[in-house]
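Here's the structure we're looking at; comments come further down.
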Amino acid sequence: MNLKNGLLLFILFLDCVFFKVESKCVKGCDVALASYYIIPSIQLRNISNFMQSKIVLTNSFDVIMSYNRDVVFDKSGLISYTRINVPFPCECIGGEFLGHVFEYTTKEGDDYDLIANTYYASLTTVELLKKFNSYDPNHIPVKAKINVTVICSCGNSQISKDYGLFVTYPLRSDDTLAKIATKAGLDEGLIQNFNQDANFSIGSGIVFIPGRDQNGHFFPLYSRTGIAKGSAVGIAMAGIFGLLLFVIYIYAKYFQKKEEEKTKLPQTSRAFSTQDASGSAEYETSGSSGHATGSAAGLTGIMVAKSTEFTYQELAKATNNFSLDNKIGQGGFGAVYYAELRGEKTAIKKMDVQASSEFLCELKVLTHVHHLNLVRLIGYCVEGSLFLVYEHIDNGNLGQYLHGIGTEPLPWSSRVQIALDSARGLEYIHEHTVPVYIHRDVKSANILIDKNLRGKVADFGLTKLIEVGNSTLHTRLVGTFGYMPPEYAQYGDVSPKIDVYAFGVVLYELITAKNAVLKTGESVAESKGLVQLFEEALHRMDPLEGLRKLVDPRLKENYPIDSVLKMAQLGRACTRDNPLLRPSMRSIVVALMTLSSPTEDCDDDSSYENQSLINLLSTR
C-alpha cells in the first residue's frame, strides 16, 4: 500500500469513527407538548386515544384539560379550528433524535396521509410513517399497529436556560412568526433562535415553541449532569484535531519505514493466504498471527492482515472496465462484478466514496473474522472509488433460489443444511469474537449458496460491534423491513437478538419460499409479514394443516411435515416480541443440528444452554 492510499484509508476510518456521530441524543425530558389542530370531526376522546402515552391514558381528559384551561372548558366539546397542547414523553429514540412513538391501530380506508395529517394533525409526516413501519403505503391492512413518531425538543442551554418545556408546533398556512410570538407571549427573536433554519411563512413543517406548564408558567431548563453540549463538542473537536495531526505525522513516518522494508520481503509474504481462510474449519480472530499486507495492519482499529490491496487498473482490466456483461448484482451500497483475479474467481463490489462507513465496517469485520460459513474477503482497493474483492460464490444468494423464476426448487434437506450453515456463521460472530459483532441485515439475499448448496453469510456493511458484557446499544435505524424486531424498529435497541429475529424470518422463507413481507387477501390487496402468517398457522387447532398451506408448493409432497413443524417452531421462538425470550444463535445451531441429523451427538456445552428448545424440536 502506498502512502497516498494509506492516508486515504486512515482518513476514511477517522471519518467513520469521529464524524458520523453528530446529531446524537443521550436522554430526553419528562414531558413535551404537542400542538394539536382541531377539526370538526375530532373530539377530546379521539385525541386522548391517538396521543395515548404514560402521561395521557386512554379516555383520560383531565391531564389534557389541565394544560389548556383557557381553551377547553368542557370534556364533551372542543372549539374547532383552534389548537390545544397535549403532553407526551420526550425520549431519546435510538440515540439519534428526541421524540415519542405512539401506536395507532388502523381501520378500513386508512392511509399514511390520513393518519399523519388528520388523526395526528401534521405532528408527524408520511415520510416518518414509511420509515418506521414496514407496510406498503398503498395497502395498509386493517387493524395493523402503526408506529407514529412525533419529534420534540427539551430546550437549548446555549440559547436560554429559562425555557425547558417546548411545544412541537406544526406550521399552517395562516401562521407567521409574529402571530405565533404574540400568542405565546414571547419575543420573535427568541423563537427564531430556537428554530434557526425554520421558515415560519412556508405553511408546513415543525417548529419548537417554549410552552407553559399546567399553572400557566414557563418551565426552566434544568441543568443536566456533565459538560454543556457546546463545551463538550468544542473540547472533543479540539482534542480530535490535535490527535489527528499527531497520528498523521506518526502514520506517515510509519509508512515511509514500511515502504523501505517492503522491498526486502518476499512477494509471497504479502499475498492472501487462501489456505488459511477458504476451507479450514479453524477460526481466526485478531489475535491470530500472520504476515501483514503492506502497511495497513498498523492502522488503529482496522486490520487488513489477510487482504490484498489491488490497483484500480487491475480491477478494471479483470472486469472489462466494469462492463454490464460482468455485472452480476446490485446492492444498496454498490454494484457487484464478476472477475478472475490472479487465478481465482472473484466478486468485486464497487462502492461510492460516500459509502465509506459501510466500506470500512465490512473491511474491518471480514479481515478480523474468518469462518467457513462467512464469505471470504480477498482484498480491497481505494483508488477512485471503494472496492471490496470477495471469493465468488457460484450459485448466487438464497433469496434468488427461493423467490427466483425458473430456478430449481431447493430440496428440503438442503434448506435445513443452509439454515444450519448460516446459523453457524452468525453464532461465530456473536459468541466467538471479541468484540461481539451484530450483522443487522440478516436476510435471504445476504446468504450465499456455493456449488455444494452450502450457505455463507455475506454483506457485513451494516455490522455493529459491542464490547463483551454490554447487552444492548442504541443506534440509527438500518436494515430491511420485514426482518426488524419490534425493539429495533421502535427504539433502535441493538443486541445479538435482532439477528436472531431476522434469522427466524429466514427460516420462514425457507419453508414457504415467500418474501418476508407479501401481499395477501382475497378481495382487497394488503400486506402481511411472514411472522404474522406463521403465528396464525401455529395457533390453529391443527397447526399441521395450516403449515401445509404455507409450505413451498414446488416441494410438492417431498418434505417431512414433522421437520417443517420443528423448523416453524424454531422460527417462532426466534421471532418472539420479547428479545430476552429468544434463543441464542448457539441454541439455534444445536436445534438445527438435531433437525438435520437426529442421531448426531451435540457437545455438552451447547446442549445445556436451552434444553427446552431442544426438547421442543425433538418431540411433537
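Placed from the backbone N, Cα and C atoms, the Cβ positions cover glycine too.
The disulfide entry in Swiss-Prot for Cys152 points, among Cys25, Cys29, Cys90, to Cys90. Candidates considered were Cys16, Cys25, Cys92, Cys154; Swiss-Prot assigns the disulfide partner of Cys29 as Cys154.
Within the set Asn199, Asn321, Swiss-Prot records N-linked glycosylation site at Asn199. For the pair Asn46 (N-linked glycosylation site) and Asn147 (N-linked glycosylation site), the Cα-Cα distance reads 17 Å. Counting in whole angstrom, Asn199 (N-linked glycosylation site) lies 28 from Asn147 (N-linked glycosylation site) by their C-alpha atoms. When secondary structure is read from DSSP and collapsed to three states, Asn199 (N-linked glycosylation site) falls in the coil class. Look at the Cβ of each of the glycosylation sites Asn46, Asn147, Asn199 and count the other Cβ atoms within 10 Å; the largest number goes with Asn147.
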